[in-house]
Amino acid sequence: FIRRVGWDARLVNESYPWVEKQIVHQPKLAPWQDAFKDSLLDVGVSPYNGFTYDHVYGTKVGGTIFDRFGRRHTAAELLASANPKMLSVLVYATVQKVLFDKSAGKRPKAMGVMFKDENGNQHQAFLTNNRRSEVILSCGAIGTPQLLMLSGIGPKAELQRLNISMVLHNEFVGKGMADNPMNSVFVPMTRSVEQSLIQTVGITKMGVYIEASSGFGQSQDSIHCHHGLLSAEIGQLSTVPPKQRTRQAIEEFIKRKRDLPREAFKGGFILEKIAMPLSTGHLNLINTNIDNNPSVTFNYFGHPRDLRRCVNGIRMAAKVIQSDRFTNFTKCDKPTVEKLLNMSVKANINLIPKHTNDTKSLEQFCKDTVITIWHYHGGCHVGKVVDPNHKVLGTRRLRIVDGSTFSESPGTNPQGTVLMMGRYMGVKILRRRLGKAAGV
């Protein structure tokens, strides 16, 4: 990945540890994750690479942002390494658009941003006259293309449709949107197990990552709670067409979860995620209100190779569940694949209409049970929207530093690389501006 995006490998390998030392920890492996690790090795996802941040084929234990006391650490803590005299952070500011100087005959120049505060009052913040001052957008794969278009940079027809004053025509803004499709297979248990987020992962050579989570039945009320990857309340409406993502749809989603069989909240799920999907989509504005989400189409399984990889991933997930190591842990009889898939369809809580042959066809199972794992990327690709230094093409003093520039989602989880990217790009910018005086 680093070679493909053309980054300086030496600086990359200095930037990862800079992040890791501050907010990343080695997890205490939960019993479920330990059994899952042994099962992956049993079905041939080898070698065992132990605890490592490296992305290598086989089975490994990865880093976590939860420390040994269960406290979650975030990117905000990296600000502790900053010089507070050189930094102002507005925590309730929401940027509305980038402001440009559109002098005739010159490339549009970013001058600053318009933002609103927590009371809804509008403000403007302007760059200094220093020609090296710049606006950096880090709004993510969905927020950045949305903000660019609302600021007047994007496909001409899209901007004209909403009467947005055009600053620069670029047909590629919002194009090439991708997400890693995830499907899960339910693991039956005779007792409730300790809750664990993803700690162990199988990195296969067939373009599929196998992961696991457990412990959604901690109490009688657990069925009414948020359930991480499977929660309607935090974003699993991605499988519903945008115009149907109404409050009523969310309430129906939550009601369906309450009606799930209690067994769905014992045990856990084996997840398979497609790496580097070939299916891509697009992002479009619904209106000119920055507070309203745009419409995003990811075209899950639009490319037949993605669907074939999902089928292979589901087969492998089933083998893991049927392995002796895992059945010794779950204390359940070795279930048939059809039984596993039937339970999984019932436990799956997206709003895609189910089919009578959900479990007869693995292809249909993949299509009907797909959910997001929030690894969105694309929309502002290098060479199409930004140059190799991530400056927005056709403009001055405007740069993008986030996953919207990625053509693939790196690693089993892109979070580490996105955090590293912030440090990496910051150091490069400082070195270019200040040379040795940058001190980094």
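Residue positions begin at 1 at the first shown residue.
Placed from the backbone N, Cα and C atoms, the Cβ positions cover glycine too.
Whatever TrEMBL says is automated annotation, not expert-curated.
TrEMBL lists Val95, Trp374, His375, Gly403, Pro414, Gln415 with the feature FAD binding site. Take the CB of Gln415 (FAD binding site) and look out to 10 A: across all protein chains shown you find 18 other CB atoms.
Taken from TrEMBL, the feature disulfide bond applies to Cys310-Cys366. Around Cys310 (disulfide bond), a 10 Å sphere centred on its CB holds 28 further CB atoms from the protein chains shown.
When pLDDT values are averaged over the domain 'Glucose-methanol-choline oxidoreductase N-terminal' (140-154), the model yields 97. Marked as domain 'Glucose-methanol-choline oxidoreductase N-terminal' by TrEMBL: 140-154.
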Pairwise C-alpha maximum, in angstrom, for the residues (Val95, Trp374, His375, Gly403, Pro414, Gln415) that bind FAD according to the record: 25
Cα-Cα distance linking Cys310 (disulfide bond) and Gly403 (FAD binding site), given in Å to the nearest integer: 24
Rounded inter-Cα distance in Å - Gln415 (FAD binding site), Cys366 (disulfide bond): 25
Helix-strand-coil residue split for the domain 'Glucose-methanol-choline oxidoreductase N-terminal' (140-154), DSSP-based: 11 helix, 2 strand, 2 coil
Rounded to the nearest Å - Cα separation of Cys366 (disulfide bond) and His375 (FAD binding site): 18
Beyond the flanks of the domain 'Glucose-methanol-choline oxidoreductase N-terminal' (140-154) by 6 or more, those residues with Cβ under 8 Å of it: 95-100, 108, 164-170, 173-174, 177, 283, 285, 288, 290, 293-294, 296, 376-380, 385, 392, 395, 400, 402-404, 406
